[in-house]
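Report on the following structure.
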């Protein structure tokens, strides 16, 4: 190489003038001979070409540099945009993480509150269960005590039924059966239910003495006894059964058939429902006591028969405040029917523990009392 030429830029082709061109003589072509003027023009063109070569190379270098600068600027802008996008996405991620962390904290707080409320509710339920258990145990003890008391009362009632029957009432257990002088002074009106009322044994009109079973001959009627036994197998107060249907037809109906039919029907219904009350009439009413009852009729007229009689008792039907004065004969008829219903109720409730024949004779005696009362026989009051 020729050392006297300047070094070309790295990466660029060397200019044409820097490359040594060997001169070679060219002979004249056949049929053509260059003129001296043509040779002069050729050498002038080559000289002009040798001068334009470095300028073109410098232009190419400037173009390359400008294009590389544009590429760098575009790349820088692209990277800035990508960086901005990445920063924006990172900011969104941070916000999302912060929101999720807040949600987690809120959930943890709610979970703690829920756990605390559940524990509190569980403790409350346990306390309530303990209180209810204590109350239930207390009620159980009270119920057992009441059961024991009721059993004792049932035992006492059975003893009472055995020792005090309509045939032989215990006057110590039934103070209403005592005479007014023995029963002591009364304050106002004393009351007792029809189920506690008993009728003393009927007196014989001829001799004036009670009719006892020892002085009478007895024979069981097989038809009546069969009807009673069939009723005793399944005791009921239904009037359609043969036993009660006969008693109603032969004894209860006639005994409660008074002159005042409307009042008689009310009395019969009250006796069947066990809501009839018989009260003795007090001689005087204390002035400090206000009587709110409605008295129907007078003490000298029987409300059932309509006859002028001295009425020492009066009746009340159910919860009504109306009272009706009755004569001793009407009272005896009502009491006889009440005694019969009281005894069959005892049988129905299982309180009578006797042989079937003894029970039948007691029922027969009560039917006899109803027949005598219907015929006008009643005990004289002291």
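Note that Cβ sites are derived from N, Cα and C of the backbone, with glycine treated the same way.
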Per TrEMBL, the range holding region 'Disordered', considering 98-131, 132-165, 166-199: 166-199
Residues of the domain 'GDP/GTP exchange factor Sec2 N-terminal' (74-159) by DSSP state, where helix covers H, G and I: 86 helix, 0 strand, 0 coil
